[in-house]
Amino acid sequence: MALLFPLLAALVMTSYSPVGSLGCDLPQNHGLLSRNTLVLLHQMRRISPFLCLKDRRDFRFPQEMVKGSQLQKAHVMSVLHEMLQQIFSLFHTERSSAAWNMTLLDQLHTGLHQQLQHLETCLLQVVGEGESAGAISSPALTLRRYFQGIRVYLKEKKYSDCAWEVVRMEIMKSLFLSTNMQERLRSKDRDLGSS
């Protein structure tokens, strides 16, 4: 529990920068939507993670996708888009509706939908600039496998409260890692712009 608050604070701080610096003309409110997503996921906690220690699972988030040193805009946008699409899909089921507070869940759906629309616009622009289509398709397949593992886990655990709590924490962790990737690309773009 003590580790959760610094993680949330780091997520909020790293998502403060405007996404426009990624080379896309995304609306300024994209950073606000990202922060809201993380805050909503934090607020959705229904039970203490300590009650669910026996249910923990290593979902093997594909960290190689977010930790590379040669980041391309198309890759970053593809990873972010696919992650948000998969999170939206995961939390937009009948089973998730039964597990979570409907007001918070509706707010999460709305925020994710808005972020997806913004990222789709950005992806079209980046691909139009000639970045590799391979930089887009490879992360999508890898992330689909990762999220399929999460879905299988939920089914195995019969969509229990603890299973959903473990998944909620995993989603927050994966968003944190992708936010770090986004920040590294922003820094790289700033460094290139000042050279």
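Cβ atoms are placed via backbone N, Cα and C, with glycine included.
Among the features that Swiss-Prot reports, disulfide bond is placed at Cys24-Cys122 (among others).
Summarising the annotation, Swiss-Prot assigns disulfide bond to Cys52-Cys162 (among others). In three-state terms derived from DSSP, Cys52 (disulfide bond) belongs to a helical segment.
When Cβ atoms from all protein chains are considered, those within 10 Å of Asn101 (N-linked glycosylation site) total 13, not counting its own. Sequence annotations record features per position, and here Swiss-Prot assigns N-linked glycosylation site to Asn101.
As annotated by Swiss-Prot, signal peptide applies to 1-21.
Distance from the CA of Asn101 (N-linked glycosylation site) to the CA of Cys52 (disulfide bond) is 19 Å. Figure note: comparing Cβ neighbours within 10 Å for the disulfide-bonded residues Cys52, Cys122, Cys162, the maximum is reached by Cys122.
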